[in-house]
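Colleague: This is the structure, below, for whatever I ask next.
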Amino acid sequence: MVSMPNPILDAAAGVTPHRRPVWFMRQAGRSLPEYREIREGVSMLDSCFRPDMLAEITLQPVRRHDVDAAILFSDIVVPLKAAGVRVEIVPGRGPVMDHPLLTRQDIENLPILDHDVHEVAEGIGIIREELNDAQTLIGFAGAPFTLASYLVEGGPSKNHEKTKSLMHQDPESWHLLMRRLVPTIVQFLRTQIDAGVQAMQLFDSWAGFLSERDYREFVLPYSMEILAQVGDVPRIHFGVGTGELLTAMSEAGSEVVGVDWRVPLDVAAQRMVSPKVLQGNLDPAILFAGEDVMRREIARICAEADRAIAAGHATGHIFNLGHGVLPNTDPDAITRAVEIIHTF
């Protein structure tokens, strides 16, 4: 039997796919009524450790929207929880640590994940059984800076002042923290790859709060180390608000660089150190603006990507949002956006 072409994997390899591939960050989530139903009475972290549930949630948007990839349903703090860190996800707030890292001793005592997360591996097996050859399963992990910020701040932060203070005031402790996070993140990604994910995204939610200088000194070496250890699948590197960091991020070693909605894709491509596959970058709010606006913005983004490819500044394009699907997005608007994207 001849296998079907896989648009995501083709694009990630710099091969022109048979249709423009698309998936959306947070496509599995609160925008879907079937997600809200299955999550009823189950905490976020519990749902990430139930193989049947995480598989079902991962597959829901693929069935509904005809996106070209499933993104593993998980959370960036799952590897911390699996390692033994006491963390919970508080509704309306996000990940909250029982004991933020306050001292050098706290950092030295931070547990390191040294085993497979078997619940996640089992869920991946279930997902792969349902996906066809044309559909890609993408795994992901939080990047070390973002995890470090949660650990140091104790939860989400508007300014990351404790994190930046540690970086500059005690760089030795900062680098120790990053060195302790790298093996945990790599182990979590290796669990996913060994279980069958076909690509992965390193997601740096908070990197946009850093200057390029700080990013290069305190973050980039560790993201590079992680990406170097998972090179057996295509790698996507994405951060929010990282337009000024794109040059540095493109040095980290991924084939694909995600771009948020603030920077046109053809401009972003020229900031890369070498041609990359671009991922992005529709503003998630445009999904609220009606079909005519969606079509216009999708056409613009596809044209920007195509210009970058034609100029030799990029090697491909995977359509995505510039961040995650917003919780109150109409799922029918997402389905229609996918249909429109597949016409370009």
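All positions are counted from 1 along the displayed chain.
Backbone N, Cα and C define each Cβ position, glycine as well.
According to Swiss-Prot, the feature substrate binding site maps to R26, Q27, A28, G29, R30, D75, Y150, S205, H323, an assignment based on sequence analysis. Here Swiss-Prot flags D75 as site 'Transition state stabilizer', drawing on sequence analysis.
Tell me about the setting of these features in this model.
Modeller: All protein chains included, D75 (site 'Transition state stabilizer') registers 18 other Cβ atoms within 10 Å of its own Cβ.
According to DSSP, D75 (site 'Transition state stabilizer') is assigned to coil rather than to any helix or strand.
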Colleague: Distance check, please: Cα of D75 (site 'Transition state stabilizer') against Cα of R26 (substrate binding site), rounded to an integer number of angstrom.
Modeller: 10
Colleague: If you count Cβ atoms within 10 Å of the Cβ of H323 (substrate binding site), leaving out that atom itself, what do you get?
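Modeller: The Cβ of H323 (substrate binding site) has 23 Cβ neighbours within 10 Å.
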Colleague: Same-chain residues six or more away whose CB lies under 8 A from the CB of A28 (substrate binding site)?
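Modeller: Spatial neighbours, sequence-distant, of A28 (substrate binding site): Y35, I57, T58, Q60, P61, A70, I71, F73.
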Colleague: If the substrate binders are R26, Q27, A28, G29, R30, D75, Y150, S205, H323 per the record, what's the largest distance between their Cα atoms, in Å?
Modeller: 23
Colleague: Around Y150 (substrate binding site), which residues of its chain at least 6 apart sit with Cβ under 8 Å of its Cβ?
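Modeller: Listed in sequence order, they are I76, V77, L80, V87, P95, M97, P156.
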Colleague: Provide the three-state secondary structure of Y150 (substrate binding site) computed with DSSP.
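Modeller: DSSP call for Y150 (substrate binding site): helix.
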Colleague: Among all chains shown, work out which of the binding-site residues R26, R30 has the most CB atoms within 10 A of its CB.
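Modeller: Result of the Cβ crowding comparison: R26.
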